[in-house]
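As written in TrEMBL, here are the features:
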BINDING   112, 132, 133, 134, 135, 136, 137  S-adenosyl-L-methionine binding site
DOMAIN    1-223  domain 'tRNA methyltransferase TRMD/TRM10-type'
Ligand code: 6GU
């Protein structure tokens, strides 16, 4: 999978992609990520990318020309399955959306900034609008890192233990159960006996029960 990210502050994006999951995915040739500085497509000597909102109101709006120039340059090179716009008024990201996106070949992620982008960008270039939750970030860059992480770790072969994505929270609409590692006792705090028993069917049953209890307590909405 190839991911092209268009951002106003691409510097915010560098570091998360140089470690762990992304690093491994890139090294294995399973994913590649490219960053594009919208400013490079800006208008005139000042490389203008935003302007005042028609009709008045506070906040600048990202202009259509630089975004069209950047997206068109990318589309001239290859076909894209999706052009995703990250915005707090998008559809809230969930695991099924991440699963579906992990099967795509090439995607563009456009990060919003300021008061957002000219509506015509959304009407004519964008194919999906995604929010990462009900709170407001200063820009879409960090949201892009979150979205890309959620997608890339699901590409087959990226995780070393193939089963581990399957037992994630949300993958079966249940939160993950508690996990423990050595030592079996620390300051008198013991690991549940069942996990040390070696009885796999009983351990599986315990984990499922714990996952259910945790979900009921914290996220009853997932059970309905
Ligand atoms: Cl995608 N962008 C911004 N600016 N804020 C957000 C968001 C996105 N998702 C949640 N909050």
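The backbone N, Cα and C atoms fix where each Cβ goes, glycine too.
Here the features listed in TrEMBL are placed on the structure.
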{"residue": "112", "record": "S-adenosyl-L-methionine binding site", "contacts (Cβ under 8 Å, 6+ apart)": "62, 85, 86, 87, 139, 140"}
{"residue": "132", "record": "S-adenosyl-L-methionine binding site", "contacts (Cβ under 8 Å, 6+ apart)": "86, 92, 93, 143, 146, 147"}
{"residue": "133", "record": "S-adenosyl-L-methionine binding site", "contacts (Cβ under 8 Å, 6+ apart)": "92, 93"}
{"residue": "134", "record": "S-adenosyl-L-methionine binding site", "contacts (Cβ under 8 Å, 6+ apart)": "88, 92"}
{"residue": "135", "record": "S-adenosyl-L-methionine binding site", "contacts (Cβ under 8 Å, 6+ apart)": "88"}
{"residue": "136", "record": "S-adenosyl-L-methionine binding site", "contacts (Cβ under 8 Å, 6+ apart)": "88"}
{"residue": "137", "record": "S-adenosyl-L-methionine binding site", "contacts (Cβ under 8 Å, 6+ apart)": "88, 143"}
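Checked against ligand 1, the binding-site residues 132, 134, 136 give 132, 136 as the ones with a Cβ under 6 Å from it, listed in sequence order. Within 8 A of the CB centroid of the S-adenosyl-L-methionine site residues 112, 132, 133, 134, 135, 136, 137, the other residues of that chain are 88, 131, 143. Maximum C-alpha to C-alpha distance over the listed S-adenosyl-L-methionine-binding residues 112, 132, 133, 134, 135, 136, 137 is 16 Å.
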